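Annotated in Swiss-Prot:
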type	residues	note
BINDING	G621, P622, N623, M624, G625, G626, K627, S628	ATP binding site
COMPBIAS	823-832	compositional bias 'Pro residues'
REGION	803-852	region 'Disordered'
Amino acid sequence: MAATQEAETATNGAGHTPMMRQFLRIKAEYPETLLFYRMGDFYELFYEDAERAAKLLDITLTTRGESAGAPIPMAGVPVQSVESYLARLVRLGESVAICEQIGDPNTTKGPVERQVVRVVTPGTLTEDALLEERSANLLTAVAPGPKGRFGVASLELSSGRFSVLEAPDQEALTAELERLRPAELILPDDDQTPAPEGGCVAQRRPSWHFEYDSARRLLLRQLGTHDLSGFGAEELHAPVTAAGALLQYLNETQRAALPHVGALTVESRDEAITIDAASRRNLEIEHNLSGGTEHTLASVIDTSVTAMGGRLLRRWLQRPLRRRETIAARHAAVAALADGAFADVRSTLEGCADVERILARVALGTARPRDLTGLRDALERLPQLQILLGQLNSHRLQALGVELDEHPQTVDLLQRAIIDTPPATVRDGGVIADGFDGELDELRSMSRNADDYLAALEAEERAATGIPTLKVGFNRVHGYYIEVSRSQSGHMPERYTRRQTLKAAERFITPELKRFEEQVLSARERALAREKALYEQLVADLASELTPLQRSASALAELDALAAFAERARSLDYVQPELADTPGVRIEGGRHPVVEQALDAPFVPNDVRLDNRRRMLLITGPNMGGKSTYMRQTALIALLAYAGAFVPAQRAVLGPIDRIFTRIGAADDLASGRSTFMVEMTETANILHNATAESLVLMDEIGRGTSTFDGLALAWATAERLATRIRAFTLFATHYFEMTALEQIHPGVVNVHLEAAEHGERIVFLHAVRDGPANQSYGLQVAALAGVPQEVLKAAREKLRSLESGDGGDTGSAQLPLFGPEPVFPPPAQPEPEPDPIREAVENLDPDGLTPRDALETIYWLKAQCKE
């Protein structure tokens, strides 16, 4: 019988033991959650929970007697290793209610009192063993608002970072959820807002949790204020509603106050460059298109030496700012560190504990001894960091030096209270240092002197009994004893009382040894109780200093992120970008930050110039020639600049950018029933509706998924709208050579191409961007590189010659126009005649960018040209 069914009869107690009635009563409160029910040194699961856990964790499923006439399925995990099991369950999207023994088994009649102390869910993790150290673990709530708006609230319980924002529509909400990538999402049960894809666990909560007035009261109580104006949130009804619903969920699952959540950040969409969900995926900022983390921007840029610095750096990359003052301050700080100080800063920070998350556990009362030594070691580094920062010419670094503080009293307390290398938990003692507390020292002394006393007692009893093999010992079951062999046991004094009989020995106790046992065991118990009380008080004392300690933790994270930017600038030859007041993008010698690191050969740098007279670069050239790389590197350079980092270029000047759009690559969206072409058109529509004159737009191969004329017509109309109506700064790559005529029609459209050199039927990609349109597509040569069979290539060449001569033959499948006559496009722009092709090819060569094989093929090609 299932646990949920059994719970219905638990109240009358028929057929159930008292302990099982207790279990069923508690389980009834958490019907959808796995219940870890503490029994001694194990957490046990029963009924359906046991069967589910056995499958998910690959642990043994057994039974425990009978209840209501049926065997009870049971499985269990040791308390000592519970975190590893919780980690596996949470990764599978499960939630676990932790039910602890809160009564004393020695004084309780019947089942010991138990209660659920916490529900572990994917979005409420705080233990290091359950978290990814460089990724935020966010709990996010979404509340629908008026006029199609949405309120979004996010909390990282493991650090206390709490933020809200308002999304104006569904598209913006999707973009924000793609940026945040929450571990758990809270939605109202009466709303049709879809949960995002990608492993996020969605929880549907009662609609009354999303009632504004009660949500606002919860938020005010949490922040300890009577008004939200100081946080800039008083008028944000939907975000406040989301924040209150989030806090209601935490109240139910955590069963504890959250003192480390004392501030609220309102994120304005106008403060940051907007990047929609598709563009964020295409740019591969933290995750590649396969969902992994290799070959991403973060994998190249994040060399931070602390986990909290890495998380902050990734937030900066995910949310490049538009606020010039903040970005300029970061650039100045990176420049000051890059002059040499970054190495000293990083070596001082190396090995620093994750102070943000430690402080969260301090606030929640779950900090362990090694958390406190990690905090102590981190705080001991602050004076050296302050000295280093005081020598640097940067206002932001000077401010960070002040925010670090030195916390001398806290450092002194931790140095006196905790031993250098404490055990993992305080359960068995040995955490508090000698000399910290007189009472504890006295109790420990009594226990430690026991060995000397027992050695003396053993010598006395041997002399008194004349038995040289007599020994005094101890075990946990019977306590202290005097042991002699069976053959000698009949001659013991009357004061000896038999305690235990073994196969070859007898064990006795004497009144003197009994008194000593009571004193020692009492001293040990009292010492352990005293140590636990001292530890709890120590954690409470640290919690009272939470706000200044959190400020220092934030400063440490920011310093680490800035030092990582500086290290990348020095190691990878990045330059400080210039921020201009006038719109435009000018990049000299730009490089793709990720591709550059993945190549064995030197990366071929290229220039980009977009301004009022060059609003659109129409890019042609062969597949594999580097068009997509060229476009992506432009967007990534802009993103890095506005995140506060230096950029891979010889020079970069960037004007204001409000949005970055990328329409690069596409695949079928099978889950939503959308074809590749439908995905492409949806993304294109989003760009045409939302791009502005200050947007950076990347468009790659629009119109590939339909017929040639349809695709060309759509690409032409899209490019015209971007160039003439929207006037966004656009990189537009195409294989439709007819589109190069746009340069002759619309001012601001400029043709550029990716260069390649041909040798017979082979092609060498030079990856250099040149003005003017490409003179051919090299499609057959690329097909040959891909391994297309020679017979197919031969047939393709014959068909190509036929098509180019105008005699394409009657295929019998002419396309009928859907809306009228097929469009008539202006003739494509013709490339200027090349007076000396050999000279032109040599001038355009980049020797450093050629592999040995490319160089050899180029030489053969040049020789063939000379013969002609």
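Glycine is no exception: its Cβ is also placed from the backbone N, Cα and C atoms.
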TODO: Provide the three-state secondary structure of K627 (ATP binding site) computed with DSSP.
DONE: helix
Open item on the list: Taking 8 Å from the centroid of the Cβ atoms of G621, P622, N623, M624, G625, G626, K627, S628 as the cut-off, which other residues in that chain fall inside it around the ATP site?
Closed with: L754, F765
Open item on the list: Between N623, S628, which of the binding-site residues has its C-beta surrounded by the fewest other C-beta atoms within 10 Å?
Closed with: N623
- [ ] Have a look at the binding-site residues (P622, G625) and report the one with the fewest Cβ neighbours inside 10 Å.
- [x] P622
Open item on the list: Let's check the environment of K627 (ATP binding site): how many other CB atoms sit within 10 Å of its CB?
Closed with: 27
